[in-house]
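Per TrEMBL, transmembrane segment is recorded for 38-60, 131-152, 158-180. If you look up TrEMBL, you'll see 50-173 marked as domain 'Phosphatidic acid phosphatase type 2/haloperoxidase'.
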Amino acid sequence: MVYQYGALFVELLQRTKISPQIFLLASHFADPPAVNLIAFPVAFFLHPVLGSATLLSINFSEWLNCVLKWYTLEPYWWVHTSEKAYIKLKQFPLTCETGPGSPSGHCMVMVSGWLPLLLYIRSNYNRLGSVFLALFITCTVLVAVSRIYIATHFPHQTILGVVAGALIGLFFYEWSLSFYKRSSKSGKKMANFHSSILNSPSSLVNTGVLSLIAGKAVGILLNYLGTDVERSYRLAAKYCARPEWLHPSTSVMASYARVAGALIGKPLFTLYIDTEF
């Protein structure tokens, strides 16, 4: 029932006269690689602790998102497999994602990536705080609606993604704040931050490798227990309106590889910058 009404809402939304380009642009903005590419450097520029917390928040969010959604549904192929032929959904160049759909990865990663930055700005730049809060809320709603509009997610999946992303972003911001306070009281230089267990080069490399292994292990376990972990990919390939719209880079394993690459890449990045803050 939830999926049926959700699909009907998608159909109703697609009948509006709003330009699809607005929603496609919003989905591009919330793409996990885009969030990594933009939010992390901006946060690191403002404060290295904030940057590291943002990087960890983004990638833990994407990793957890993949763990939670090995076997869930997406509107654009659900209407075919459930024999709801009377529901007519349009497809777009970003529709045919190959990973399962709940919770929404775009919503979850986007919120978890930008929330620490927003909280930092509100705490340190009062005049800008309200402006950025309004912008953040507007972008979050727009991204959530865009994911529904292009038939990649049901409404409840985007809500779950926003809530989960907010909890993760808040956790990592509070972690960075507590570390910053401890460092300030002890008079330590910010360079010492790189020796913390969550940010030392060896810890990040180990975490990156283990995240990839753990993700693969979860998939193997689910497959052993009888869950068809490749189902979403096959259905995406079968019901995608145009073959060139199929996105293998949105598969669960591609996400795991991206997370591992980001965590392993951070220590390499710090080798080429001055760490004496």
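Glycine is treated like the rest: Cβ placed from N, Cα and C.
Across the domain 'Phosphatidic acid phosphatase type 2/haloperoxidase' (50-173), DSSP assigns 89 helix, 1 strand, 34 coil. Non-local neighbours of the transmembrane segment (131-152) in the same chain are 9-10, 13-14, 18, 20, 22-24, 26-27, 29-30, 74-76, 89-92, 94-95, 97, 101, 104, 106-107, 110-111, 114-115, 118, 121-122, 158-159, 161-162; each lies 6+ residues outside the stretch with a CB under 8 Å from one of its CB atoms.
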